There are 2 protein chains.
Amino acid sequence: MAKVKKAPRPKAQAPKGFRDYFGAEVTERAEMLQKIAGVYHRYGFDALESSAVETVEALGKFLPDVDRPNEGVFAWQEDDDADWLALRYDLTAPLARVYAQNRNDLPTPYRRYAMGPVWRNEKPGPGRYRQFYQCDADTVGAGSVAADAEICAMLSDTLEVVGIERGDYIVRVNNRKVLNGVMEVCGIAGDDKEAERGIVLRAIDKLDRLGEDGVRLLLGEGRKDESGDYTKGAGLSAEQAEIVMGFMSAKRESGAATAARLSELVKGSVIGEAGVSELLTIAELLEAQGYGSDRIEIDPSVVRGLGYYTGPVFEAELTFEIQDEKGRPRNFGSVAGGGRYDDLVKRFTGQEVPATGVSIGVDRLLAALQMKGRLESHSVGPVVVTVMDKNRMADYQTMVSELRNAGIRAEVYLGNPKNFGNQLKYADKRNSPIAIIEGGDEKENGVIQIKDLILGAKIAESATLEEWKDRPSQYEVPRGDLVAKVREILESQA
Amino acid sequence: MAKVKKAPRPKAQAPKGFRDYFGAEVTERAEMLQKIAGVYHRYGFDALESSAVETVEALGKFLPDVDRPNEGVFAWQEDDDADWLALRYDLTAPLARVYAQNRNDLPTPYRRYAMGPVWRNEKPGPGRYRQFYQCDADTVGAGSVAADAEICAMLSDTLEVVGIERGDYIVRVNNRKVLNGVMEVCGIAGDDKEAERGIVLRAIDKLDRLGEDGVRLLLGEGRKDESGDYTKGAGLSAEQAEIVMGFMSAKRESGAATAARLSELVKGSVIGEAGVSELLTIAELLEAQGYGSDRIEIDPSVVRGLGYYTGPVFEAELTFEIQDEKGRPRNFGSVAGGGRYDDLVKRFTGQEVPATGVSIGVDRLLAALQMKGRLESHSVGPVVVTVMDKNRMADYQTMVSELRNAGIRAEVYLGNPKNFGNQLKYADKRNSPIAIIEGGDEKENGVIQIKDLILGAKIAESATLEEWKDRPSQYEVPRGDLVAKVREILESQA
């Protein structure tokens, strides 16, 4: 008989750009999201969990010319007649689909929050994965800027509830309409000036990196960088460029003063003036609710990259210092952002539906909380009941049951019990606080040994041989005192 | 200029077989999973969230002949050189990959739990979706049946913690090795008898539907059903069939008695006797921990369809009665199952790694809790502050802030405030318990109107016109009493 060819062993490897999350990485994120959900709920937002899979059509990710989806999404087609399906790449496009699908049943305005993974078919890099969490809240069907103000207030509350202290963050608000007004005043509002507007937007975004002079070059004739590469400019006159520069530095002490300065810059532009007026209303609403400029402020330098914003935009920045990879101090930076987008639902229904919302960068916010030491540590492992005699497994399981019934995390060692050293190595790997030992002698005498592994590790670092021999971290107690003694040690470790 | 062809409007529709979850559907599931995670954690299990996307190779879903994945998974290939990727179809295959990938860093035994969506590329049907939740706990690297017993105990605890009362469920345990022993005794253990074994397995699974006589036919020559279709039998002699029938009805009053009966049936089969001995050990361990046969019992009729089980198998059944679609009473049925599978990790490493675990059917357990009225109702909407004068939005937002700061779910109406009736309709759609009204007169007099919408709806059902005119469900209180009065009404509604 011919030998059956064996299938080669598969590689035990997550696909490129994907990763797994273990233990505390999972529970800390879950707890943070739960706190956020609590705030969203209190604000009247309802949970929504939409399907992870959408038609490419609904996501709006079809490439018009090639009849297949944009490469930024993971997409597939079962057969030539079937719809192209794709994994959602954010939570906003699915919201537009869900709202359009259920618009007769959902309340309007519809306040919803959503938390879950999204997938991007992009080149992975350090810290950049193809699957990551988003956490969004949006209000659909409310044209009033009161909805935008509410999102900003909620964002501020959320940051404080998860553990970012007041003073360690700022929510900045701007308005795309003001920027559009600036473009109008600069004479680049027309349909034929889209390229110029794009250059101006990107130039504003680069202020941090290029400085004022660099931006001025990009607004005007263009800029040659250190390597000699030339970037085309927007072709604004010096006077026009000055308006843009003035816009970026229009921030003043108070919201009212900033608005006054912006008014000067967009004078004569209807849309620009409408934008300034909206900013003023937002500032007033927030002021009335007690959100001062220590929490939320108008800041014209906030632009937000996404093309679909049509009005107010906002961004939450953490202002405490961290060190960058080269050891230089810098602000932690942005952890959330959003704004008003009035056209997304229209794609489906033909009717304009105003909407506004915010998305929190879950991983960045978690990293910030980690740095600030604001995460409860979940790395404490279970109490490990060791196995001295494998025929007495029932005894050990009974101990574990008693501990668990008392609410104490505990387990019996389930590996091969032959080598006792392996059991203690296991307890070490599990980060166990305590090990329980009941050998034949102990059983006979009705006692157990309880090892305080945390104290033991401390003593091992510094103790002399004599001290160590005394085993001050090991206690012999009557079997009946198991739960009480374990609880006492756990409390002493806390 | 040629007209630009407009893209047709996309359909606002989740893909076929996929659905969205709204409000309480999301939060009730999240709360149940959180309670389950609490039990798993107490048992020493660590959270794992593996990537939703795996290589098809790692999932073991490659069709050997056609060089493309099994149709049961959603899979895609970016280009001809790239790996085929797929959405995970369960949480066990990814666990095997994760354990093989990280086996040098993970503790052994590795106890982990996982909760999340899985995807099946199968024909959807009523109540059958292509994306659904699973919730698993597994112990990898423990060959001892103490690990199986622990899983059964944990399953029992879990059901009680989420709200299934003792007596309303039973965890049944069996062992594939006993069944293999029965096959051996019947002479169909050989490699050339796989087809016969399959027929026997399926016949056992059909006992409920076909009755003893039907199963006996399938074990023997075969069976013709009412439509005249013929199903091939396993070809067992009457004597051999009797052993199988005896296996299915081997359950006795106690675990020990059942084991004794099974021993008789598999006498002479080494694997069968090993299986019986394992069952006895499991029964003893559970007994020692206080899990009596009112919670966990040995039941030879539990088979579990999956081919990969190699030892103990278990199933949790809810035993309370519900009515089927035709109004007939029946047990609610299975909500969880699992067993020992010793070969899954071997695919990657070549080394056998024993493992055992359980998977809870999240949606079925939720449905059961719903029927039992054990879910906290989250359908209560927010207090709605109505807008009587859109220029006083700041006043209304301030009220909402006061309520939220007092921990009360509240929102201001953010739609077009012109039509007051629409605002009350909105409050109704949101299931709001209370509406707040502050018109010009109220503002002048420093008062507000508070409508108890729950009481109002009750009165509207039964009140006479006179009673209704008195508006006993509406209160005028000083503006300063907003929070206190709202709290009072909410408490009276609870």
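Note that Cβ sites are derived from N, Cα and C of the backbone, with glycine treated the same way.
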Q: Quick one: which of A:ARG103, A:ARG120, A:ARG295 does TrEMBL put in the L-histidine site with A:ASP90, A:LEU91, A:THR92, A:GLN134, A:ASP138, A:ARG304, A:TYR308, A:TYR309?
A: A:ARG120
(Q) Applying a 10 Å Cβ distance cut-off over all chains shown, what neighbour count does A:TYR309 (L-histidine binding site) have? (A) 24
Q) Looking only at DSSP and grouping its letters into three states, which state does A:ASP90 (L-histidine binding site) belong to? A) coil
Q. Tell me, how many other CB atoms lie within 10 A of the CB of A:THR92 (L-histidine binding site), whichever protein chain they belong to?
A. 22
Q: For the domain 'Aminoacyl-transfer RNA synthetases class-II family profile' (A:1-382), provide the mean pLDDT of the predicted model.
A: 90
